[in-house]
Amino acid sequence: MKPTAIFLMGPTASGKTDLAIQLRSQLPVEVISVDSALIYKGMDIGTAKPSKEELALAPHRLIDILDPSESYSAMNFRDDALREMADITAQGKIPLLVGGTMLYYKALIEGLSPLPSADENIRAELEQKAAQQGWAALHTELAKIDPISAARINPSDSQRINRALEVFYITGKSLTELTEEKGEALPYDFVQFAIAPQDRHVLHERIEQRFHKMIELGFQAEVEKLYARGDLNINLPSIRCVGYRQMWEYLQGDYAYEEMIFRGICATRQLAKRQLTWLRGWKTPIQWLDSLQPQQAKETVLRHLDSYQKG
């Protein structure tokens, strides 16, 4: 019999953390974060990282594990999450995975085809080609090989263009083809919940309010500190995080303060829309919860889990 795991998914600003804290007070669970932004140290305000008080009530694994200069893949997450889940299960508890990075959940459930290690010779050739023709030309080349990846990658994002082309030159397969090849399935029985306000206008209002709250809490100073380091740039996954990118571009002088706020809110709403699109197309059953009914949401999870465990 496989051990049980609980997934608590949902768009940004939907109330996942609050519900996770409530669940931990009533269930033998330990929380694992499923969030590609919370992994970074020194990025607290703009990621809406749980506060010290919240973490005291419900410690989260897989937050604050990397410096913003480092990259982290869905494969990295799967390895780390499986290790943490095994540790939690060994303690006789249930892993409660909480977050909105849907690609991480997909990787965890379905497994991933391992991607090849970097080839410095190929990378050097691509760098040389880019120096002569520009990264936009290499992006055009990528679009012919792998239009799906090219559509997701900004033409100026040299790091991701290089990697996508490198993978193709090493394997003869596109990055999209390789990531669609399934690996080892998840060795857990998992119950899935998704929390969101039933009224999308409420979610949009929450996102706007949260962004303004981040500004009040010192988000600009947080990004200024990262900017002043000198070793970070806008092509890094950390700085591409929603909100950070817009504040970074403002600090670079790309646009005015009010424009930065507008763009930050719009980008966060677009993120929420993408997360909801993922969830609506999810292949395995999800129990939906209403953010506006937190007590009912908690009771639904407890009731559903009780009946699930009884079989």
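Including glycine, each Cβ sits where the backbone N, Cα and C put it.
The region 'Interaction with substrate tRNA' annotation in Swiss-Prot falls on one of the ranges 42-47, 114-119, 240-245, 288-293, namely 240-245. For Arg123 (site 'Interaction with substrate tRNA'), none of the recorded positions have C-alpha atoms inside a 10 Å radius of its own C-alpha, out of Thr12, Ser14, Gly15, Thr101. Counting residues 6+ beyond its ends, the region 'Interaction with substrate tRNA' (35-38) has Cβ neighbours under 8 Å at 46-47, 49, 60, 62-64, 72, 77, 99-101, 103-104, 237-238, 241-242 in the same chain.
When secondary structure is read from DSSP and collapsed to three states, Gly15 (ATP binding site) falls in the coil class.
When each of the recorded positions Lys16, Arg123 is scored by how many other Cβ atoms sit within 10 Å of its Cβ, Arg123 comes out lowest. For the region 'Interaction with substrate tRNA' (159-163), the residues of the chain that approach it from at least six positions outside its boundaries are 123, 126-127, 130, 135, 138-139, 142, 153, 175, 235-236, judged by C-beta separation under 8 angstroms. Neighbouring residues of the recorded ATP site, listed in sequence order and excluding Gly10, Pro11, Thr12, Ala13, Ser14, Gly15, Lys16, Thr17, comprise Gly100, Ile195, Ala196, Ser291 (Cβ within 8 Å of the Cβ centroid).
Using a 10 angstroms CA-CA radius around Thr101 (site 'Interaction with substrate tRNA'), the binding-site residues that qualify from Gly10, Pro11, Ala13, Ser14, Gly15, Thr17 are Gly10, Pro11.
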